[in-house]
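Asks: Okay, handing you the structure first.
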Amino acid sequence: MKFKADEISSIIKERIENFDLNLEIEETGKIISVADGVAKVYGLKNIMAGEMVEFENGDKGMALNLEESSVGIVILGKGEGLKEGASVKRLKKLLKVPVGEALIGRVVNALGEPIDAKGVINANEYRFVEEKAKGIMARKSVHEPLHTGIKAIDALVPIGRGQRELIIGDRQTGKTTVAVDTIISQRGQGVICIYVAIGQKQSTVAQVVKRLEEHGAMEYTIVVNAGASDPAALQYLAPYTGVTMGEFFRDNAKHALIVYDDLSKHAVAYREMSLILRRPPGREAYPGDVFYLHSRLLERASKLNDELGAGSLTALPIIETQAGDVSAYIPTNVISITDGQIFLETDLFNSGIRPAINVGLSVSRVGGAAQIKATKQVSGTLRLDLAQYRELQAFAQFASDLDEASRKQLERGQRMVELLKQPPYSPLSVEKQVVLIFAGTKGFLDDIAVSRIEEFEDGIYPFIEAKHPDIFEQIRSKKALDSDLEEKLAKAINEFKANHL
C-alpha cells in the first residue's frame, strides 16, 4: 500500500493544527521561614497584593507584604506541617466568600465555610471580600427607622437604616446584649441580620447562637465566627466577610443589619499580624493604617438611592474600653468614623440601671431624621428632663431643703429612669414604647411609687390590648399622635390606674 506524499503532509498538517497543548504554568515559591501564622516566601516574583496562595498542606494564604526579595504571607488556617523549603503556589485570584440566602440560619468561619455541622452551603454567588464602598451619588440620606426594641435607644438615640452606630463601654456592661436585643427586635421587619464574633470565647458565641435560636432569630441571621483560638489572620478577615454578605442583601433591594463584636479585638489581631510582618508600629504599637482598617469597613454600610433599589446596610460596631477611657486610640478612631455612639457605663450597670446607657454621652447624629413622629412627640423633652434630673440629683446631695418645683423634677426624673429600665432579651414594639413614655413624660406616673413602675408597665400593655386595642393599631398606622389619640390614651391610662393600682 502506497501513500502519496501530499496525503501524508495534509494528515501531518491537520494533526499539527488540531494539537492541543494543555500546559498549565504554575508559579511557585519556597518558604524561607514560618512562625506565628506568617510565612516568608521567596520566588513569587509576579504576585499581587492581597492575592491568594496555596501551601503544600492545603492551607490557603494571603499575600500582604511585597518586599524586594520575599513575600510576607498570612496563613488562613492552622499552618500545621509547614516547614522551611516547602513549596507555595500562586492561585492568581483574590479572596472570595459565598453570599446569598443559602447562608441564612448558618454559623460560618471567616472564609464562609460552615462550622455548625449542618452540611455544606450551596451558594450561587461568590463576592470579593475587599470591595470599594459606594460613592456619594449611590447613597441616600438615612430616613427610615431601625427599631432596636430598647426604650432608651429608640427614644433618645434613635438609629436609622443605613447608619453606623457605635456601642461602646467597658467589659461586662451589656454591649452584646444591646446588639442581640436589636437582632431579636428585627423579627418580622424584613431585615437580615449578621452577627460577626471576633476573638470571642467559643462558649460566649455558642451562648449568643442559643439565645438567637430561642427567640426564633436564627431564621433571618447569619453568624460569622473567628474565635479566640483562630489565627489572627482569620480574626482580621471576619468583619470583611460579614460585610460582604450584608452587601449582597443591600444591593438586592433588601435591608440588612451587621454587628461587629468587637472591633477592639479586631484591631489587636491586625496589630499582631502587622508586627509579625515587621511593619513599623505607631501609637499604642498599632500600625499606621489602623484607622483605614476600620474606616474602609464601616464606610461599606450605607443606604442606597431609589435607582439602586433603596436597600440598606446598618452597622453596629462594638468597642470595649479600659476603665471608661473613651480617649484611647481605637475608641477615638471609631467614634470619628461612626454616626453616633451609645455609651454604656459600669457604674450605672452596677447600680441596677440596665441597659446602662449614659444618656448624656450617647448621641445619634443622623437617626433623628429616621425617628417616627409619635416617638418624637412623646420623647421630645426626655433628654433635657433627664439631664436636669442628674444635675439636681448631684445638687440635692448637699442641699437639705429643696423648693417644690425642684422636688417634683427630682421625683419625675426618678420615675423616668425607672421607666427606661428593661430586662435583657425582651425588646418592646414601638407602639408600646410610645404608650409608656407618654405616661411618663405627661406626668401620669407622678403619683405612682417608684417601686410600682414595673408593675404599671407589666399591666398597661395587656390592659390596652384587651380594652382599647384601637390605640396600638392607630399608633402603628398613623405613626403620630393627634389630639384625639392623646385623649384616648390619657383616658385609658387613668382607667387602668383607677382599677388596677
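Cβ from N, Cα, C; glycine included.
Annotations for this protein, taken from Swiss-Prot, read as follows:
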type: BINDING; residues: GLY169, ASP170, ARG171, GLN172, THR173, GLY174, LYS175, THR176; note: ATP binding site
type: SITE; residues: SER362; note: site 'Required for activity'
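Have a look at these and tell me how they're positioned relative to everything else.
Replies: Reduced to three states, the DSSP call for LYS175 (ATP binding site) is helix.
Taking the Cβ of SER362 (site 'Required for activity') as centre and 10 Å as the limit, one finds 22 other Cβ atoms among all the protein chains shown.
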Asks: If you count Cβ atoms within 10 Å of each one, which of the binding-site residues ARG171, LYS175 comes out on top?
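Replies: Comparing the binding-site residues ARG171, LYS175, the most crowded Cβ belongs to LYS175.
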Asks: Taking the binding-site residues one at a time (GLY169, GLY174), which has its Cβ surrounded by the most other Cβ atoms within 10 Å?
Replies: GLY169
Asks: For the binding-site residues GLN172, THR176, which one has the sparsest Cβ surroundings, going by other Cβ atoms within 10 Å?
Replies: GLN172
Asks: Could you tell me which three-state DSSP class GLY169 (ATP binding site) falls into?
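Replies: The residue in question, GLY169 (ATP binding site), is strand (DSSP, three-state).
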Asks: For the recorded ATP site formed by GLY169, ASP170, ARG171, GLN172, THR173, GLY174, LYS175, THR176, name the remaining residues of the chain with Cβ within 8 Å of the site's Cβ center, in chain order.
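Replies: Those within range, site residues removed, are GLU320, LEU344, THR346, PHE349, ALA356.
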Asks: Distance between LYS175 (ATP binding site) and SER362 (site 'Required for activity') at the Cα atoms, whole Å?
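Replies: Rounded to a whole number, the Cα-Cα distance is 13 Å.
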Asks: Determine, using Cα-Cα distances only, which of these binding-site residues is closest to SER362 (site 'Required for activity'): GLY169, ARG171, THR173, THR176.
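Replies: The smallest Cα gap between SER362 (site 'Required for activity') and any of the binding-site residues is with GLY169.
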Asks: When the number of other CB atoms within 10 A of each residue's CB is tallied over all shown chains, which of the binding-site residues ASP170, THR173 has the maximum?
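Replies: When each Cβ's neighbours within 10 Å are tallied, THR173 tops the list.
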